[in-house]
Amino acid sequence: GAGADNDLYINQAIVFIEDAIQYRSINHRVDSKSLWLYRWYYSRTCQWILSLTITVILALAFIEEPSSLTITSDVRYRLPAWNPPCGLTESVELLCFLVFVVDVSVKSYLIGWKEFWKNKWLMAYILTLIVSLADWIVSLSFFCKESVRIRRILRPFFLLQNSSMMKKTLKSINSTLPEMASVVLLLAVHLSLFTMFAMLLFARTKDNQQDKEWVVYFRNLPDSLTSLLVLLTTANNPDVMIPAYSKNRAYSIFFILFTVLGNLFLMNLLTAIIYNQFRGYLLKSVQSSLLRRRLGIRAAFEVLSSLKETPASAQQSCVSVGALLQVLQKAEMDSRCKQAIMRSLKMCSCDQLSAAQFQKLFEELDKDAIKQHPPSPEYQSHFMQKVQFAFGHPYFGYLGNVVALANIISICVVLVMDADKQPSERDDFFLGAINCFFILYYLLEMLLKILAMGLKRYLSYPSNRFDGLLTVILLILEIATFAVYGFPHPGWRPEFMGLLSLWDMVRLVNMLIVFRFLRIIPNMKFMALVVTTLLDLVKNLRAFAGILVVVFYAFAITGIMLFKGAVQTFFIFNFLIQAPFSIKKVVVLYFKENKVISWCSAQAELIYCLLYLLSVHLICRWAKIYFVAWWLISSVIWVNLFVALLLENFLHKWDRRCQRESLSDIEYQRTVELMFRDVLEEPTEEELMEKLHQHPHLHLCR
């Protein structure tokens, strides 16, 4: 009946608007049961369960063999780690796999069979699950004794596929790779040429005493290439040049030229290319997100215009205000946007909305989130008004900053004076007394600000919340110190009592006071701009942090499998290097007799022989590929991507800093999409309608 159709149209509109808010694709089933399943799947509870499952399966690596549940990582001092019995972590894994199976099944059903074959991520999801389950079965069949577990390397994929922004970021990175490859190739040529020069400059001579550069760094082609590659990262600078420089100062020209060309020119050129290309690809990705939002809003308009209550005499499609209000009441959206749209509807004098009016209402979603602070209390007393003016004035905040600076200086003076003293010689009276004075001032300052601004306005500022929280913690620590150790007095050095010693309590208080000094940041405009840029990156660029977690996790698991047991070998040779000369001599002579090495003298070069054995003969040279790949992905590519986004965010804020009011009463909160809002192009009417008519499950009347 007409009522059932109207309910379906309302539910479709609700889902399309929620898709637009979250930048989701609208290409999914739109029948009543599918819409209910769709909203259930994207509900907070369901998504929280999925996120928890991903967290659990990633965290299993910390307790699986080799377990990381030890206080220290030093194998010489740590106790044997707890290794779970076979079947415990595997049972948790199976539960996680079952959740993922449900997840991929629901996703596949909702988009339909036709769209499923176009979705490479879903197909990769299913393949990952199949391989993981097969590897899980193999583990149980070997009673958890197998050394290689492929499914552990595949676990980060579950995090990757669950975030649309991470997928877009990865796609943008993949599109940027061809441009980066040209600079990486130039970097490889640079390394190769200087490797040839190095092997010619530091060739072996008849004098073994002068061949330390050749012995340690440039003995052969792989070692020479590795030494210069490490120099490109500055990790072995200046160690790599010291033997040659000791022999002849002119050799420094070679290393200077290599460093200037590689680090100053080529690496910075790579940063510039990544910034230019990646920003363009990310802009395209954000442009597609804008198209999804506009498409979702237009789809909601089209289905609402099909309601039976719409006037048949209307020359163009329109939507009744009542129908839109009904949709807004049921849709999950930010309360600020919902209230703003409802206010606009109440101010509208018409009963029907055209497509342009409908779209304009939802432009509220694209605006910056503005947080206005509550007003200050209005006092009737003339005296209270003067108090409010005095302690609400910015100069009172500046006075607090000066006092905090004086506190920091006093702590530094005491620490410098007591740096070389034994704990038994240290007198904590002076530091305890000044800390007590400053903490009382901080408490008084906080109370006076609350009196002047009101509690709600005081707490609406992040800097005040930060300041007030630390003040309360400092006050509690001071009270606890006095309760356990009494009030400060000359020779105040009581013995250890309670959970912490007096010195530990004082140190904790001092660390919090130093941390509290960050309150000055909002008062320095340029520093505040830098900090807000960093905070925006932390809040809005979670996708990039997620991909970084994926890279770290995959390389960590791969490293565990490749280098299991290599740490013990390292400590054996570390012991040999520190051992007496006689033991070193016996070891070297043994390897010479067995023709492992033949070039060492038994006197001067024992240390180099041992290092050579450690780095060349006992560890596979192919391991260098692992570390070079790690350096390229994490340091070269990913750090440069982060620098590019940091520059983009900072320049955007810098360009707009004069166009807005001061941050005293209004705070603007931006997302990645809003960061590029000024340069995005609006999709045309024809483009939107063409996309809607291509919808695999929605059949419009016109």
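Note that Cβ sites are derived from N, Cα and C of the backbone, with glycine treated the same way.
Caution: TrEMBL annotation is automatic and unverified by curators.
Feature annotation from TrEMBL assigns domain 'Ion transport' to 52-278 (among others). Per-residue pLDDT, averaged over the domain 'Ion transport' (52-278), rounds to 86.
If you look up TrEMBL, you'll see 398-650 (among others) marked as domain 'Ion transport'.
Long-range contacts of the transmembrane segment (45-63) within its own chain (CB-CB distance under 8 A, at least 6 residues past either end) are made by residues 69, 82, 84, 89, 92-93, 95-96, 99-100, 103, 152, 155-156, 158-159, 162, 553, 556-557. The transmembrane segment annotation in TrEMBL covers 45-63 (among others).
TrEMBL lists 92-110 (among others) with the feature transmembrane segment. Beyond the ends of the transmembrane segment (92-110), by six or more residues, the same chain brings 28-29, 34, 37-38, 41, 49-50, 53, 56-57, 60, 116, 122, 125-126, 129, 132-133, 136, 151, 158 to within a C-beta distance below 8 angstroms of the stretch.
The transmembrane segment annotation in TrEMBL covers 122-143 (among others).
Feature annotation from TrEMBL assigns transmembrane segment to 180-202 (among others).
The annotation transmembrane segment is assigned in TrEMBL to 395-417 (among others).
Here the transmembrane segment (429-448) has long-range neighbours at 387, 391, 396, 400, 403-404, 406-407, 410-411, 414, 467-468, 471, 474-475, 478, 481, 488-492, 506, 509-510, 513, 516, meaning same-chain residues at least 6 beyond its ends whose C-beta is under 8 angstroms from one of its own. The transmembrane segment annotation in TrEMBL covers 429-448 (among others).
The transmembrane segment annotation in TrEMBL covers 469-488 (among others).
The feature transmembrane segment is assigned by TrEMBL to 508-531 (among others).
As annotated by TrEMBL, transmembrane segment applies to 543-563 (among others). Counting only same-chain residues 6+ beyond the ends of the transmembrane segment (543-563), those with a CB under 8 A from a CB of the stretch are 58, 61, 66, 147-149, 152-153, 155-157, 159-160, 163, 165-166, 168-170, 173, 623, 626, 630, 633-634, 638, 641-642, 645.
The transmembrane segment feature in TrEMBL is assigned to 569-591 (among others).
The annotation transmembrane segment is assigned in TrEMBL to 596-619 (among others).
The transmembrane segment annotation in TrEMBL covers 625-647 (among others).
Counting Cβ pairs closer than 8 Å to the transmembrane segment (625-647), the top stretch among 122-143, 180-202, 395-417 is 180-202. Long-range Cβ contacts of the transmembrane segment (122-143) within its own chain (Cβ-Cβ under 8 Å, at least 6 residues beyond either end) map to 86-87, 90, 93-94, 97, 100-101, 104, 107-108, 111, 116, 149-151, 154-155, 157-158, 161.
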